[in-house]
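J.: The feature domain 'SH2' is assigned by TrEMBL to 6-102, 112-207. As annotated by TrEMBL, domain 'Tyrosine-protein phosphatase' applies to 238-521. Residues or ranges marked as substrate binding site by TrEMBL: Asp419, Gln506. If you look up TrEMBL, you'll see 430-512 marked as domain 'Tyrosine specific protein phosphatases'. Look at TrEMBL and you will find Cys459 tagged as active site, phosphocysteine intermediate. TrEMBL lists 562-645 with the feature region 'Disordered'. What TrEMBL records for 568-593 is compositional bias 'Polar residues'. Sequence annotations record features per position, and here TrEMBL assigns compositional bias 'Pro residues' to 636-645.
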Amino acid sequence: MSSRRWFWPTISGIDAEKLLMERGVDCSFLARPSSSNPGDFTLSVRRNGEVTHIKIQNSGDFYDLYGGEKFATLSELVQYYMEKQGQLKEKNGEIIELKFPLNCADPTTERWFHGHLSGKEAEKLILDRGKNGSFLVRESQSKPGDFVLSVRTDDKVTHVMIRCTPDNRYDVGGGEQFNSLADLIEHYKRNPMVETSGTVVHLKQPFNATRINASGIHSRVKQLQSENGPNSFGKAGFWEEFESLQQQEFKHLYQRKEGIKPENRNKNRYKNILPFDDTRVKLKDVDPKVLGSDYINANYIRWKVDETVGSELGSDPSGKVYIATQGCLPSTIADFWQMVWQENCRVIVMTTKETERGKNKCARYWPDVNCTKEYGKSKVRTLMESHTPHYTLREFLVTMEGGNSERKVYHYHFQAWPDHGVPSDPGCVLNFLHEVNKRQESLQMEAPLQPPGAILVHCSAGIGRTGTFIVIDMILDQLKKYGLDCEIDIQRTIQMVRSQRSGMVQTEAQYKFVYLAVQHHIETTTERMKAEQKSMQLGREYTNIRYSNDIANNCLSPTTPGGFGGISSPNNRSSTTGITFPCSSPNTVTIRQQESKKPARALSEISLPRPPDDLLKPTLYENIPGNPTGSIGCTAPPPPPRKGS
């Protein structure tokens, strides 16, 4: 769990109760400083319509709940009890569940603030990708509620503790106090600090975060758009993030020997867009005497965390596998269908037209409706074809030579991508992905013992639009599993995908489109959740909410979302509880309520717990007015400066 925004540094027990009863649901929780024992902490949990307070001891050596397991950090303690449901119990044996963190707003929206980042992670980031004078601010892990300024000085990283005082002011080492972290940073940019060793600590350029809390994506997009404005000369915002991504490409110089072999060159649509050898799809049951018979320009794409990307992205949210491939050439159609059969691909996503701007982008690899064609060993019959304003759905029946089995394959042909740039509104793409995933999930339910294989995605080169669709889908899977308050990192997710096929998400406009699509999904999902909560109070259901841009087009039939589930009515009751741990004696936990002198921090931008699973399934939105996004085209970057300037 990378986020620690469940920690509220400035609220009292009474404030915690009010927040949990007004904004949370049962199993919502937050952590805060103890009102009665300075240096200790309290876990406040909503359960059965009231709030239970559990004391956390900070001995100076470890954190624990006055008994039970011991942990090095507060985050590890909370993560343990979130993951190990059933380990936290009352004295009477009743389980206390920590499911939905109630998140606090970050102390600043500045992009140099990295939230819950460890010192080791900060050092790796700044030394790998920063310059001398690069800096960031992060939350202190050893002193919750305080912060750390990490700065690269020569070839090492200096860490400076920033104290947050009881009246919510900030200082370094008891020096001058500031009203905000931004004010403190601006001061020390103008007035460098000096280490005890005599080294001057210059704050030259911020090392900006790309990892954000999903609920705060609106603020991040707004900030990136403003930095991309007419006065920025294209040097910041989306361009800066995308350019940083481009500069990381040297880390992905994996071998592509197979694609450049003479026998395989004519199988590549573009001579320099080749699959990495270690993730390429290898055709099986081929003649080993024929050179290159196992080659096709395609790669497996999956949620993969390695040392080049780091562990910040977390575990695989869905287990989903994709195959990214190029548009067929006439000479590769037979290989394409062999791959579809071999990998048991039951859903194909095509994101290009056959011809765009007078150039062939993909050879037609399917027959007309009610017709059958043979492609090598494969026989394909088109059973049906239906059209919507944005895509065409085809149903194929595929058989293999010498086999008795047959399979239905569903072909989702997205045709709303413009010849130039990206779609002006992401709603059509989100609804399209919803239909694709609904089909894949239904196929899994129909045959759980023989589930469908990878979702096959292609455009022309198999990297630009293909990468954009795959990355959006991956981020939505994260939100589905971890909720709207989880942390996401669009840049790092693209970097992870690029480590499996080079060049995925090709342009700055596509990079920006990923942000806007995720933002649109979060905003519309949030509106639906609010409507569902309101409907519980009014005794009626909202069944007609869908992505806003399809209201006029009516390209998809309305869906009926599942219910939100019961929510207890708020009250002001609280309780103290005794906690028991496996293999340990019971400990009675008490807390005295005292008002904190610190002002309360704001709620996060979208203060919602992780919704029930039925709300996290991709949903269509109908009656939420959309915010016009206008053109998503991006200003070209400026020419590089001349040497010596």
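The backbone N, Cα and C atoms fix where each Cβ goes, glycine too.
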J.: How long is the line from the C-alpha of Gln506 (substrate binding site) to the C-alpha of Cys459 (active site, phosphocysteine intermediate), rounded to the nearest angstrom?
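T.: Spelling it out, the Cα of Gln506 (substrate binding site) and the Cα of Cys459 (active site, phosphocysteine intermediate) are 12 Å apart.
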J.: Would you kindly give the Cα-Cα distance separating the residue listed as 'active site, phosphocysteine intermediate' and Asp419 (substrate binding site), rounded to the nearest Å?
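T.: Counting only the Cα atoms, the answer is 12 Å.
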J.: Give me the non-local Cβ neighbours of the residue listed as 'active site, phosphocysteine intermediate': same chain, 6+ apart in sequence, Cβ-Cβ under 8 Å, ordered along the sequence.
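T.: When sequence neighbours closer than 6 are ignored, the residue listed as 'active site, phosphocysteine intermediate' has Gly327, Met350, Thr351, Thr352, Lys361, Cys362, Arg465, Thr466 within Cβ distance under 8 Å.
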J.: If you count Cβ atoms within 10 Å of the Cβ of Gln506 (substrate binding site), leaving out that atom itself, what do you get?
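T.: There are 16 such Cβ atoms around Gln506 (substrate binding site).
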J.: Average the per-residue pLDDT over the domain 'Tyrosine specific protein phosphatases' (430-512) and send me the rounded value.
T.: 94
J.: As a quick check of your reading of DSSP, tell me how many residues in the domain 'Tyrosine specific protein phosphatases' (430-512) are helical, how many are strand and how many are coil.
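T.: Across the domain 'Tyrosine specific protein phosphatases' (430-512), DSSP assigns the residues as follows: 50 helix, 7 strand, 26 coil.
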J.: Is it possible to list how many residues within the domain 'SH2' (6-102) are helical, extended or coil according to DSSP?
T.: 21 helix, 31 strand, 45 coil
J.: Determine the Cβ neighbour count for Asp419 (substrate binding site): the number of other Cβ atoms within 10 Å of its Cβ.
T.: 11
